[in-house]
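Participant: Annotation comment: Swiss-Prot describes Ser18 as active site, nucleophile, evidence class similarity to another entry. Swiss-Prot lists Asp191, His194 with the feature active site. Positions annotated as N-linked glycosylation site by Swiss-Prot: Asn83, Asn150. Look at Swiss-Prot and you will find 1-35 tagged as signal peptide.
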Amino acid sequence: MLGFAPAPGRPLFVLFGSSIVQFSFSNGGWGAALADIYARKADILLRGYIGWNSRRALQVIDKIFPKDSPVQPSLVIVYFGGNDSVAAHSSGLGPHVPLEEYIDNMRKIADHLKSLSEKTRVIFLSCPPLNEETLRKSTSTVLSEIVRTNETCRLYSEACVSLCKEMDLKVVDLWNAMQKRDDWATACFTDGLHLSEEGSKIVVEEILRILKEAEWDPCLHWKAMPTEFGEDSPYDLVSSSGQSTVNPSDWTFHRTIQWD
């Protein structure tokens, strides 16, 4: 049993998924950006597992998200589907999960997460597109041939979005969000599959948009959340007048992107 132990009174956000989640704290990734945006507002916990599919996630979801944990997450952001969509290997091994089973697995994952508490909110991320040519060149020779195509990514992405509409879940449609950029194929990936800093910016923007627009109580958008120990203090920096202090708790000058 893993369980969670955030700072007292601070909400917990869990990022759960495959390599796009595991790598999200590297190279300007979207997880690292969220951790910065929510500094002193929420604890961002990484539960990313490279190579995983929805079948493997479902097998251990009770261990990763135990229902008897004394602390339950306020938000879980979930990504599975890219590995599920890989073509089936002739050996029967590998990450491929048939589309109908993928849909059923994601439904069960959503049901489990929604049952954790009345305040646990869920956002799914759908499959992004690929740069197939770059991916073919970057795939390690230690692996058997891996067949990933944009056509199957599209099918699994559309299935995820449709499921979320059916279940009244929030979803980031990465398939379409990425392709709003004319240069998405070259700008949004490091290896044709995993997200670059530019690709991660799109993920962050879409997540923040959902959190801002969602009619959730309490609101989980960063601007609506209190800053931990954000009260004025005589120990803050002294103002130019020399007669008072300036509270820096919510300063964001260090960010190259001023997120909405």
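Heads up, the Cβ atoms here are built off N, Cα and C, so glycines get one too.
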Participant: Taking only the Cα atoms, work out how far Asp191 (active site) lies from Ser18 (active site, nucleophile), in Å, as a whole number.
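Facilitator: Distance (Cα to Cα, whole Å): 16 Å.
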Participant: Name the residue among the glycosylation sites Asn83, Asn150 whose Cβ has the smallest number of other Cβ atoms within 10 Å.
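Facilitator: Counting other Cβ atoms within 10 Å of each of the glycosylation sites Asn83, Asn150, the minimum falls on Asn150.
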Participant: List only the single closest residue to the residue listed as 'active site, nucleophile', chosen from the recorded positions Asn83, Asn150, His194 by CA-CA distance.
Facilitator: Asn83
Participant: Does DSSP put His194 (active site) in a helix, in a strand, or in coil?
Facilitator: coil
Participant: Sort Asn150 (N-linked glycosylation site) into helix, strand or coil using the DSSP assignment.
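Facilitator: Looking at the DSSP assignment, Asn150 (N-linked glycosylation site) belongs to a helix.
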Participant: How many other Cβ atoms sit within 10 Å of the Cβ of Ser18 (active site, nucleophile)?
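Facilitator: Ser18 (active site, nucleophile): 23 neighbouring Cβ atoms within 10 Å.
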Participant: Distance between Asn83 (N-linked glycosylation site) and His194 (active site) at the Cα atoms, whole Å?
Facilitator: 12
Participant: What does the structure give for the C-alpha distance between Asn150 (N-linked glycosylation site) and His194 (active site)? Integer Å is fine.
Facilitator: 14
Participant: Select the most exposed residue of Asp191, His194, where exposure means the fewest other Cβ atoms within 10 Å, treating these as the active-site residues.
Facilitator: Asp191
